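Colleague: Take this structure first; my questions come after.
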Amino acid sequence: MTLDTVKHAAETPESEQPWKELGLKQDEYERIREILDRRPTGAELAMYSVMWSEHCSYKSSKVHLKQFGEKAPENDALLVGIGENAGVVDVGQGYAVTFKVESHNHPSYIEPYQGAATGVGGIVRDILAMGARPVAVMDPLRFGAADHPDTKRVLPGVVAGIGGYGNCLGLPNIGGEVVFDPCYQGNPLVNALCVGVMKHEDIHLAKASGTGNKVILYGARTGGDGIGGVSVLASETFDSTGPSRRPAVQVGDPFQEKLLIECTLEIFREDLVAGIQDLGGAGLSCATSELASAGSGGMRVELDTVPLRDATLSPEEILMSESQERMCAVVEPGNVDRFLEICEKWDVIATVIGEVTEGERLEIFWHGEQIVDVPPRSVAHEGPTYHRPYARPEWQDALQADDAGKLARPANADELREQILKLVASPNQASKAWVTDQYDRFVQGNTILAQPEDSGMVRIDEETNLGVAVSTDGNGRYAKLDPYTGAQLALAESYRNVAASGAKPLAVSDCLNFGSPEDPGVMWQFAEATRGLADACQALGTPVTGGNVSLYNQTGETAIHPTPVVAVLGVIDDVTRRTPIAFAEEGQLLYLLGDTREEFGGSAWSQVVHEHLGGLPPQVDLDREKLLAEILISGSRDGMIDAAHDLSDGGVVQAVVESCLRGGHGARLVVPDGLDAFTFLLSESAGRAVVAVPRSEELRFTDMCGARGLPATRIGVVDGSGADAVVEVQGEFGIPLSELRTAHEETVPGLLA
Amino acid sequence: MTARIGVVTFPGTLDDRDTQRAVRVAGAEAVPLWHRDKDLKQVDAVVLPGGFSYGDYLRAGAISRFSPLMETVIEQAKGGMPVLGICNGFQVLTETHLLPGAMLRNNHLHFVCRDQKLRVETDNTAWTSDYTAGQEISVPLKNIDGRYVADERTLDMLEAEGRVAFRYLDLNPNGSLRDIAGISNAAGNVVGLMPHPEHAVEPLVGTGRTDGLGFFTSILKNLLKGAHA
């Protein structure tokens, strides 16, 4: 086969090209020809096809994502916003924190272990590329029905992959979610988050500037794995009758990644890079075009110098390969020797593959012959933009009219007791220790809080006890009922979780998981959810710093529930003041903060007891969320509360049971005036938390709530321990803690072990 | 002057910085050691920390055992220098035959991370003298290749010579024979265990307990005693 050079392409304008097979649309192919004023070479076509894929170009979503910038609240803490590998936030004392959540949904369904493993690897490199030492990870996961046979294939593989890769990197896994719903049956959601810490002056950006600077590719050799991952896998709907997509999934080597992390951090310490970019989706195509596009000047790359795992790879394949554990750095000539020396120390292969040039073109050569000559912006930043049609689905009204308030409620205390036991044992409400015990949560020795706490918290300075907290939340059931409110509820819950741990919420990263953008109903869900999230971020003063959109999450015509997953990062000045969820001391008073209404639409109770999804999700009151957060943070800082648990799915009873189990104590609850036991225990009204207050602090605490206008209702006391501990609702029923423990802890191992 | 305790970093070591911190918390000086060096920088004792050295793609610890640094460590350990192997470090020590036996994949085949209760079986080693024999402690455990095995004769010998240093209590997390969590050599200067004492040295982090600090205070006291003797 002859090499398709730029010269050859100009001479053979009519040559047939496989643009369709590469996932491009006719008009997109025409546009490439217009930009280049000739047909693209094979290598150019490969680059455009991956970079203009939905996954890399955000072509369907970007008209909506704009709002995150337009509505961004004033926030002095934001150091680097959307558009870089990850956003960066100032957390004080000269420290900056970067964090981001990303999806690896499609690969994880096809090949659960490698899909999930490389998801962790990718997000960690994003964080590393900002100049930060990664300090923690967490994984929001969603699977099909817990008892479906395929869940038993996918879930253990995903968990083993996250553990197998993450545990080898030495990053504590401090939280995340595990959710089951039949809507994720053929399309699990495997999202991964990483947090990194650096000093302000260490922030690095992905740009190639300075004529004559060298472009160094370092890390693993390039192989044939993951070719077309972003265009073929992540940007199209699965068709169960199609050929196996497994070769498009990358294979990870966590040992190589660990070396890459330490090597890169040492390179940063010596200030040897002018620009840096990780290689993830779209591999070298992405790294070279993005670096060149963001910098001043052009770039020239000798592609045949790239170290290969498989010598038979074609230039197109090398450009598209998504082989893991690779990074690309721009280095001043004077620093190249030292750079290579550090790589050698860590046994990391490093190769100068090109340099920054004066022109404005990205030029790639293969054994001296030019195979790419493009304006890099046209590849990296000026991809297509779609204004996809969207429309409220016809079924939305009927769904909302199917009010959960009409569902049969327990007729008596015995029935209520029985339903509560069923609830705490249901797969979504049960303990996920079987999953999280397969992750290392202790490594690095800075873990202050980890799953099942409300948020994960790590110390970032040993001297001052400065720390950061992160929570991720999402509720596809709420979002299905009302995507605008559902997205806001996801943010509100995450924000509340961070505050309940005692940290001040600062910034947001989001992973927006939706079905096919070609379906106007799905596109409406997406438009509503982004609008809701942007509005709520503005109201709460927490800007979106970056994130990821995952579309085409559907099997055939059936989309998943719209599932915006929202991560909130918070800062705590003194981690010794953190608030755990455990009720650890008998006699402490339990207060319910916030208002409880009859809100059961999308609730855990409606799912577990009635297999129902209908009505409206709980109302959102963002001013109330802010006030609640302030009270939780003050209460923690001033020693007024010893435990706090946010209320979300499963309501008061779920939170109280979790806090009792965590602390090994029982509780006596009293149904407050004006509420019936059922609503008190199971409603999912937002803007609420349960706190444990030492008796000596009661007056001070209630005075503070009174003065600030936050309803605080005394609902009981921590009481009993050991074999005698009971969670009792006075006048209704009591359940021994041991019975609750069995119900709560045996479900997931029973399904999966 | 305090004691100098070396902490080795192999490619793929994860808990080196945590171990250095634990050494410092105990009041000793932590000295980073690099696997390619032969020189131990005149340290008084060495800790081989946890992790997945060389990815553990062959057998855990099998490659690290051949590093230039380990040649010196083996030689010095035989001469009486105190060496502690934690998790992957324990695996390395069995590969060097400084300690007998081997580690297999956990019997349930999963990675396990938990707060593990142990009984300290002997206070007659360089690393456990600050405990009392029979004392129960809780420290984090996290591994996938943690199942200690040895032939019956070796196990009997370890028991008879008082070299079973730690035993799992309440729950054997990986199927280790005779619930063995850690052992020592005959002289008591070399100790290896799967659980992670370096993760239990500060009340604030991890499990919130400091039960692991005794390893590091033990060695510090022993080294200082030796220096004054």
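The first residue you see is number 1, and the count goes up from there.
Every residue gets a Cβ built from N, Cα and C, even glycine.
Just so you know, TrEMBL annotations are computer predictions that nobody has curated.
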Colleague: Pick the one from A:Lys7, A:Lys20, A:Lys25, A:Lys100 that TrEMBL also lists for the ATP site with A:Tyr58, A:Asp510, A:Gly547.
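Modeller: Record check against TrEMBL: ATP site with A:Tyr58, A:Asp510, A:Gly547, extra candidate from A:Lys7, A:Lys20, A:Lys25, A:Lys100 is A:Lys100.
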Colleague: Per TrEMBL, which one of A:Ser550, A:Ser603, A:Ser606 shares the substrate site with A:Ser103, A:His104, A:Asn105, A:His106, A:Arg125, A:Gln250, A:Glu322, A:Ser323, A:Gln324?
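Modeller: Matched candidate out of A:Ser550, A:Ser603, A:Ser606, per TrEMBL for substrate with A:Ser103, A:His104, A:Asn105, A:His106, A:Arg125, A:Gln250, A:Glu322, A:Ser323, A:Gln324: A:Ser550.
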Colleague: Between A:83-198, A:211-366, A:453-572, A:585-725, who has the most Cβ pairs under 8 Å to the domain 'Phosphoribosylformylglycinamidine synthase linker' (A:19-59)?
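Modeller: So the stretch in question is A:211-366.
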Colleague: Can you give me the Cα-Cα distance between A:Glu322 (substrate binding site) and A:Gly547 (ATP binding site) in Å, rounded to a whole number?
Modeller: 20
Colleague: Which residues, same chain and not among A:Tyr58, A:Lys100, A:Asp510, A:Gly547, have a CB within 8 angstroms of the centroid of the CB atoms at the recorded ATP site?
Modeller: A:Leu65, A:Ile82, A:Val101, A:Glu102, A:Ser509, A:Cys511, A:Leu512, A:Val544, A:Gly546, A:Asn548, A:Val549
Colleague: Within 10 Å of the Cβ of A:Tyr58 (ATP binding site), how many other Cβ atoms can be counted across all chains shown?
Modeller: 18
Colleague: On the 0 to 100 scale, where does the mean pLDDT of the domain 'PurM-like C-terminal' (A:211-366) fall?
Modeller: 87
Colleague: Under 8 Å between C-beta atoms and at least six apart in sequence, can you list the same-chain neighbours of A:Asp510 (ATP binding site), or say none if there are none?
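Modeller: Residues satisfying the criterion: A:Val101, A:Leu533, A:Val544, A:Gly547, A:Asn548, A:Pro564, A:Val565, A:Val566, A:Ala567.
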Colleague: What Cα-Cα separation, expressed in whole Å, is found between A:His104 (active site, proton acceptor) and A:Arg125 (substrate binding site)?
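Modeller: About 14 Å separates the two Cα atoms.
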Colleague: Using a 10 Å radius around its CB, how many other CB atoms surround A:Asp126 (Mg(2+) 2 binding site)?
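Modeller: Excluding its own Cβ, the number within 10 Å is 27.
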Colleague: Using DSSP, break the domain 'PurM-like C-terminal' (A:585-725) down into helix, strand and coil residues and give each count.
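Modeller: Split by secondary structure, the domain 'PurM-like C-terminal' (A:585-725) comes out as 59 helix, 29 strand, 53 coil.
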Colleague: Which one is closest to A:Tyr58 (ATP binding site) in space, judged by CA to CA distance, out of the binding-site residues A:Glu102, A:Asp126, A:Asp278, A:Gln324?
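Modeller: Result for A:Tyr58 (ATP binding site): the nearest of the binding-site residues is A:Glu102.
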Colleague: Report, in whole Å, the straight Cα-to-Cα distance of A:His55 (active site) from A:Ser103 (substrate binding site).
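Modeller: Answer for this pair: 10 Å between alpha carbons.
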